[in-house]
């Protein structure tokens, strides 16, 4: 939203080149490089340099002291035979289901209900208050939320207490301690964490949609589902792309909730690449191996992002073409 | 922005038709129930933050506290020296917010207004930096910080997050400034203003709404960060609010009521920010999604 705020007027074409050239005979943009200098130095120091160094370390064996010894692609070869590595990436798929797929679907329905029915047939204030409840977990430190959930799901925690209270005491369980239930339970917590983001973005997107479209469709006798599919989904596709991309990246990077809830356990049932890398770096002190895990994760994220952005551009071009 | 565009069209209300009468109440009830379900964990936490450990073990997590017990809160407050943690988090998040906005502004000025050569590549680089998992940077950062004597200092964390947040800020602001009205810049240049003056007198005032959104987001994001503070800050004097709670997790001293009391204390600042900045946040998320 802030983007159009500043665009007071459409950018006008450049002034006659002659005028500019007379005033500034040297290359006009040279002085701007100075403004980029502090940012560029910091960037190289904190992001560029370390990334390259991690890439180098992934080709070495190193415990963090002494000199790394170069071993070529051995770490990567070992990764291919490492069950934990494959499990962690399988769990990433589960995280994508829990942090992208389900929140987007549920978020679409909730946003449509909040905007369409509650915002318009009741008061917009009501819709805003309900939206806040969904969004709240998004602004909290996710580790703290994870710790609260970790306690709720403990054997003596509130969830089992709740089961007792409603007469389902037979279902009491160590939810996070059992390899069979840990992953689904972590996924449920991640839906809770993530749901607010699509709700807020989609509600804002719906404000953009011309209400007359809905009115016209309604007059034509289109039902709710039909209007939802033909108008809502079509109109807010750009936002769906953005939500899909940002949430996918977030799902592949997820660390804090896993740290707080399960530390990747039990028996790696909830391990994810970022926790696996952290553990390999700082608990097992296999820095080279940890670097290889990180580089694979980085590569996958970059490739998926590029594919996403390409797909979006293609869709946009197709829309303009029609 | 979008809000101001829609009301005229919406003012002309569609008259409620047939099924709408009952359906809307059902929808309201369902969505309200879902919203309340979102808040249930907080209710559980509140209920047990004011319970004594004995009360918890005899009456379980769902009972009403038999007395208004605040010792859990006090224990956690003193045990982790909570005011120090609050100050650390505030110092780190505050410095990062201001510095990262400044760096983003400078970068974006060169890229969006200055249109320096190769800017598309540079913007692409910043975009890429946004996607990187922090694991791909953490070990070298940890190692270099140790070598430079910055390990376990708040300064190290401030520098790191200034860069990480400004990667996003640069990307966002560069696209905003790419559409900055050239006429304004040229008018100022004709009046004899140099680049420095144009940045502060022309660009900055026009960008203020966007910058304030960024400031709030950088503050909250940095406040909530976990991995890098966890690795970089290892003692009581330097740790942040979330790291302090996480490093006590699983500790023998942390019985269920103390865990809840600690979580409650750790969530209060974030909930306050949420209430204070709600509008800014809603505006910002949308801005992020619009690019």
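The backbone N, Cα and C atoms fix where each Cβ goes, and this holds for glycine too.
Where the annotation comes from TrEMBL, it is an automatic prediction and has not been curated.
Summarising the annotation, TrEMBL assigns compositional bias 'Low complexity' to A:1-11.
The domain 'ABC transmembrane type-1' feature in TrEMBL is assigned to A:89-308.
The region 'Disordered' feature in TrEMBL is assigned to A:1-23.
Positions annotated as transmembrane segment by TrEMBL: A:31-53 (among others).
The transmembrane segment annotation in TrEMBL covers A:93-115 (among others).
Feature annotation from TrEMBL assigns transmembrane segment to A:127-152 (among others).
Residues or ranges marked as transmembrane segment in TrEMBL: A:182-206 (among others).
Marked as transmembrane segment by TrEMBL: A:241-261 (among others). Away from its own ends, the transmembrane segment (A:241-261) comes close to residues 92, 95-96, 98-100, 103-104, 107, 141-147, 149-150, 153, 176, 186, 189-190, 193-194, 197-198, 201-202, 270-275, 278, 297, 300-301, 304-305, 308-309, 311-312, 315 of its chain (Cβ-Cβ under 8 Å, at least six residues beyond either end).
Look at TrEMBL and you will find A:287-309 (among others) tagged as transmembrane segment.
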Checklist entry - Looking only at residues six or more beyond either end of the transmembrane segment (A:287-309), which have a C-beta under 8 A from one in the stretch? => result 51, 54-55, 57-64, 68, 71, 75-76, 78-79, 85, 241, 244-245, 248-249, 252-253, 273-274, 276-278, 280-281
Checklist entry - Which residues, given as numbers and ranges, are at least 6 beyond the ends of the transmembrane segment (A:93-115) yet have a Cβ under 8 Å from it? => result 127, 130-131, 134, 183, 186-188, 190-191, 193-195, 197-199, 201-203, 205-207, 228, 232-233, 240, 243-244, 247-248, 250-252, 254, 272
